[in-house]
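A.B. asks: Please see the structure below; I have some questions.
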Amino acid sequence: MKFYIDDLPVLFPYPKIYPEQYNYMCDIKKTLDVGGNSILEMPSGTGKTVSLLSLTIAYQMHYPEHRKIIYCSRTMSEIEKALVELENLMDYRTKELGYQEDFRGLGLTSRKNLCLHPEVSKERKGTVVDEKCRRMTNGQAKRKLEEDPEANVELCEYHENLYNIEVEDYLPKGVFSFEKLLKYCEEKTLCPYFIVRRMISLCNIIIYSYHYLLDPKIAERVSNEVSKDSIVIFDEAHNIDNVCIESLSLDLTTDALRRATRGANALDERISEVRKVDSQKLQDEYEKLVQGLHSADILTDQEEPFVETPVLPQDLLTEAIPGNIRRAEHFVSFLKRLIEYLKTRMKVLHVISETPKSFLQHLKQLTFIERKPLRFCSERLSLLVRTLEVTEVEDFTALKDIATFATLISTYEEGFLLIIEPYEIENAAVPNPIMRFTCLDASIAIKPVFERFSSVIITSGTISPLDMYPRMLNFKTVLQKSYAMTLAKKSFLPMIITKGSDQVAISSRFEIRNDPSIVRNYGSMLVEFAKITPDGMVVFFPSYLYMESIVSMWQTMGILDEVWKHKLILVETPDAQETSLALETYRKACSNGRGAILLSVARGKVSEGIDFDHQYGRTVLMIGIPFQYTESRILKARLEFMRENYRIRENDFLSFDAMRHAAQCLGRVLRGKDDYGVMVLADRRFSRKRSQLPKWIAQGLSDADLNLSTDMAISNTKQFLRTMAQPTDPKDQEGVSVWSYEDLIKHQNSRKDQGGFIENENKEGEQDEDEDEDIEMQ
């Protein structure tokens, strides 16, 4: 379908379009025209990705600036999905225009997913793959071979073959999904990872994970060549604040400190060896540092530093590395002193939390280590590892963490906290101390993105309440909007169950969650829904701990035996492989008619990235409100920080956080307008939180369904499922929830008549101002 938004011709790869897709595109165009940031909440399963791509690529191709698009998503499967959508869109554009546009679209993921080297790709741990790859591809190994052809150095042929080709000729033009990229590179014996890395500046659109833009350790290497007028899109961005915080946080355990000591000793031995054989090497390095050169000046283009800079670009120091860590021996003994100090700090019996400033003061009093040399730790370690030509870099990963920790704690003060806990997990009998350097302010990591790029679009299916994000991430928006879902026939039934059939109020509140009457009520609710739900049913709990305790109580009450009669029961566990197996079995049981129930956790893998479309999810049951564990020291510190700096009250944030996760769980069952499902929120506290649900869920929640008992909810569900079982005529949806080209033109004309819009010749103008939608123009 081809239509115009103002003067912009948009090619949409489907013959029909949803009204909300059209409104969404109009708002994205407004954001791009005005420049600035917007937050848009689009209902689940209404083709958000394809709308985003259709509009932004039309915008890119139509206007002469050809602004690059950076599309960030969370998981590997979402990135792959976006690439496939992009491929379809570009095929459609080629067909409609009659020629192939000069266009490149690529996706980037970790080495582990893209490596083709027969030995390295066998490794299961991502960090090991990274280190082995670096060892075979860094410029040092290549130089060594050139100097001494007999040297025992292994190079990666996939990477070496890239030197024979010009960067723009690595790949033909077009869009490459991961599958297509790997296949092409396998045939040509080329390295897919480095192809994408080096072609980023040549791409029209690059699709990758948030970390490549938000985590300074990676962003500096990957995204520094991206132009400032790029359009940045954060898709599935309901958790973006957590990603920002993780990118500047670090945990150290006693085991890591032990390994770091071993690493420092190994470095010492290596320095002694080099002193005997080639002492000039160390002298050269020392002289370079005296001249005030940095790793950026010393490393060649093809080399990556051993320790990536963990701080944001604007916080880097440009002065020379301090004198007391220039000599290799001095630096290693400096690291050893630091590690020994950290070991003594770990010997605690109760939780300690302190600011970076007080930690550095105490460190200076005891070990005479100044703040300045600490800031250069990661850079100095990179240079030393390079000078010593260390090949077994895996031995030094713990040392890398120590250097990163030193650089972070000496660079940042405001919005950071150091917490030392004697027990890594609650109720542990054996002390296993852990030192957490944690970022409390989500805006620090994302600030460079807002400062650097003119348009940033943050979007998701569950991002309500919208005004929380600009406050948490400290930025201004030009547009905030939540879209309702247009339906010819109600295809999802949200309900809030506040009491069991015996009228006892149900809740997962900590004080009463193990009360037998509440557990029994939750159990009988599960049995009743299992009886009437066709095929698949997904149940979410607030935490693994609560799920384990309630399931074992159900077992003793005989509730699970009752459920078995109707459906299989499968459980999500913290182990990724077990969960994958459970999901596979669940899908099999749903497809062959046995039906199944999947018990999972609100912040787990299942709730975040797995879709239960059609028969795989007909009912989703949310047992209890998924609040965070409020006794966590880090959470307490973060809440206090937000209250003092951003005036966000503790309860507001906790409630917002719980509701975005609950909405995320509910959205799993509705993956399109032809899909249907029942959404049950089972906790009496939900009835007060209706306003915090996304607009499209709240619109389907009638006043009568806010305070139901189990038996009333069951009778509503029976009626709803009977209605949905009737064959539907697709014609009923036309013009209401699905628009043909004619409907779209009709809508544009009616808007034009209302808004007195000046018509371009032969072009359909559009001005979309829905009074009823919560829109903010600043």
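Backbone N, Cα and C atoms are what each Cβ position is placed from, and that goes for glycine too.
Look at Swiss-Prot and you will find Met42, Pro43, Ser44, Gly45, Thr46, Gly47, Lys48, Thr49 tagged as ATP binding site, backed by sequence analysis. Per Swiss-Prot, [4Fe-4S] cluster binding site is recorded for Cys115, Cys133, Cys156, Cys191, and the stated evidence type is similarity to another entry. The compositional bias 'Basic and acidic residues' annotation in Swiss-Prot covers 750-765. Positions annotated as compositional bias 'Acidic residues' by Swiss-Prot: 766-778. The domain 'Helicase ATP-binding' annotation in Swiss-Prot covers 7-285. The region 'Disordered' annotation in Swiss-Prot covers 750-778. Here Swiss-Prot flags 235-238 as motif 'DEAH box'.
In terms of burial and nearby residues, how do these features look in this structure?
C.D. replies: The Cβ of Ser44 (ATP binding site) lies under 8 Å from the Cβ of Gly461, Thr462, Gly667, Arg668, Leu670, Arg671, Trp696, each of which sits 6+ residues away along the same chain.
Secondary structure at Cys115 ([4Fe-4S] cluster binding site), taken from DSSP and collapsed to helix, strand or coil, is coil. Non-local neighbourhood of Cys115 ([4Fe-4S] cluster binding site): Ser121, Val129, Cys133, Tyr193, each in the same chain, at least six residues away, with C-beta under 8 Å from its C-beta.
As a summary of secondary structure, the motif 'DEAH box' (235-238) carries 2 helix, 0 strand, 2 coil according to DSSP.
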A.B. asks: Could you tell me which of these binding-site residues, Gly47, Thr49, Cys133, Cys156, has the greatest number of Cβ atoms within 10 Å of its own Cβ?
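C.D. replies: It comes out as Cys133.
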A.B. asks: Enumerate the residues of the same chain, Cys115, Cys133, Cys156, Cys191 excluded, that satisfy the criterion Cβ within 8 A of the mean position of the Cβ atoms of the recorded [4Fe-4S] cluster site; list them in sequence order.
C.D. replies: Arg111, Leu116, His117, Val120, Met136, Thr137, Tyr158, His159, Tyr193, Phe194
A.B. asks: Near the Cβ of Pro43 (ATP binding site), how many other Cβ atoms are there if near means within 10 Å?
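C.D. replies: Here the count is 27.
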A.B. asks: Rank the binding-site residues Met42, Cys191 by the number of other Cβ atoms within 10 Å of each Cβ, and give the residue at the low end.
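C.D. replies: Ranked by other Cβ atoms within 10 Å, the binding-site residues Met42, Cys191 bottom out at Cys191.
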A.B. asks: For the motif 'DEAH box' (235-238), provide the mean pLDDT of the predicted model.
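C.D. replies: Across the residues of the motif 'DEAH box' (235-238) the model's pLDDT averages 87 on the 0 to 100 scale.
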A.B. asks: Measuring Cα to Cα, how far is Pro43 (ATP binding site) from Cys156 ([4Fe-4S] cluster binding site) in Å?
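C.D. replies: The separation of the Cα atoms works out to 46 Å.
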A.B. asks: Could you measure between Thr46 (ATP binding site) and Cys191 ([4Fe-4S] cluster binding site) for me? Cα positions, answer in whole angstrom.
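C.D. replies: If we compare the Cα positions of Thr46 (ATP binding site) and Cys191 ([4Fe-4S] cluster binding site), the gap is 36 Å.
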A.B. asks: Using DSSP and three states only, what is Thr49 (ATP binding site)?
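C.D. replies: Note: Thr49 (ATP binding site) is helical by DSSP.
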